[in-house]
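Have a look at the structure below, then the notes.
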Amino acid sequence: MKKYTEIKDISNLQETIKDAISLKNNPFEFEDLGKHKTLVMLFFNASLRTRLSTEKAAKNLGMEVMILNVNDAWNLEFEDGTIMNANTSEHIKEAAQVISQYADVIAIRAFPSLTDKLKDESEFVMNSFVKYASVPIVNMESATAHPLQALADAITITELSKKAKPKVVLSWAPHPKALPQAVANSFVEMMQNMDVNLTITHPKGYELSKAITKNTPINHNQEDALKDADFVYVKNWSSYNDYGKVLSQDESWMMTKTKLGNAKFMHCLPVRRNVVVEDAVLDGEQSVVIQQANNRTFAAQIVLKQVLEKL
Ligand code: CP
């Protein structure tokens, strides 16, 4: 693997999931693969799971890890040919090349603005690093995608599924703040590559990009969509069409134990209790969110392993 900025970078998904589960059973099997190799992790935004699980994954492979909270460094300029006489002090052209001298792999977290759709969709942060860095880039959640989360979700469903083709429902939930579409986008793309029966449910106005959903069924009636579900993935996202806006905080979309039925409950975390999902679900036996978070390590580890093997 030359980079992991999007799900398409995985050449064989089923094999990758199988190998990730094998790593989970034997996490130190390749502890020498990353010897004398360094992962530099750049955070433009906050993180708990991504930061710790990716560091753990790298260390399981014997890598050194360096972490930079980018807001503690010089303000980066991403525009070409700009006159840098305002707030930015360092251009991505130099920064990416310099960091590449300290790193064998660079992992980046950079959320969208949710105000400038075209700029966010250009993935200018991730793509600038891909363009100017001389080492592989790993996406730890970008403006439009969270492929490491989606791989962890695919591993979790594979581990827990009791059926050949489980019914998986992605359900929007209310949230007081405007959140990115990245997790939902990557989950949909990942499920489209799995042998599952995927349905999306959300209030009108919360349609994800058509380029993502393609022919996946969308049902605006949550109760109807949830019928006979095996896995229910709950996530808030802000409007894509009315870009970045919170159009509804309709509490009736919160996930409850009654609505969940017999399905497993999934969420990428962090989650707001009794806003997105009621306590009874998170504290109940059908919640698999802790297992999902654990699988973040093995998603990151299989990705780093495949990247290291191509260095
Ligand atoms: N799910 C996830 O990416 O968690 P963090 O934002 O805590 O990294």
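From the backbone N, Cα and C atoms, a Cβ is placed for every residue, glycine too.
The average pLDDT for the domain 'Aspartate/ornithine carbamoyltransferase carbamoyl-P binding' (4-159) in the predicted structure is 98. Taken from TrEMBL, the feature domain 'Aspartate/ornithine carbamoyltransferase carbamoyl-P binding' covers 4-159.
There are 25 other CB atoms within 10 A of the CB of L148 (carbamoyl phosphate binding site), with all protein chains counted. The carbamoyl phosphate binding site feature in TrEMBL is assigned to S47, L48, R49, T50, W74, R109, H146, P147, L148, Q149, C268, L269, R296.
Listed in sequence order, L170, S171, W172, A173, V183, A184, F187, H267, C268 are the same-chain residues at least 6 apart in sequence whose CB falls under 8 Å from the CB of K235 (N(2)-succinyl-L-ornithine binding site). According to TrEMBL, the feature N(2)-succinyl-L-ornithine binding site maps to E141, H175, K235, R272.
For 183-304, the entry in TrEMBL reads domain 'Aspartate/ornithine carbamoyltransferase Asp/Orn-binding'.
In terms of C-alpha distance, the listed binding-site residues S47, R49, W74, L148 place L148 closest to E141 (N(2)-succinyl-L-ornithine binding site).
Around S47 (carbamoyl phosphate binding site), the same-chain residues six or more apart in sequence whose CB sits under 8 Å from its CB are R109, M140, E141, listed in sequence order. A Cα-Cα distance of 20 Å separates R296 (carbamoyl phosphate binding site) from R272 (N(2)-succinyl-L-ornithine binding site). DSSP gives C268 (carbamoyl phosphate binding site) a coil state; it is part of no helix or strand. R49 are the binding-site residues among R49, K235, R272, R296 whose C-beta comes within less than 6 Å of an atom of ligand 1, given in sequence order. Note: the CA-CA distance between H146 (carbamoyl phosphate binding site) and R272 (N(2)-succinyl-L-ornithine binding site) rounds to 19 Å.
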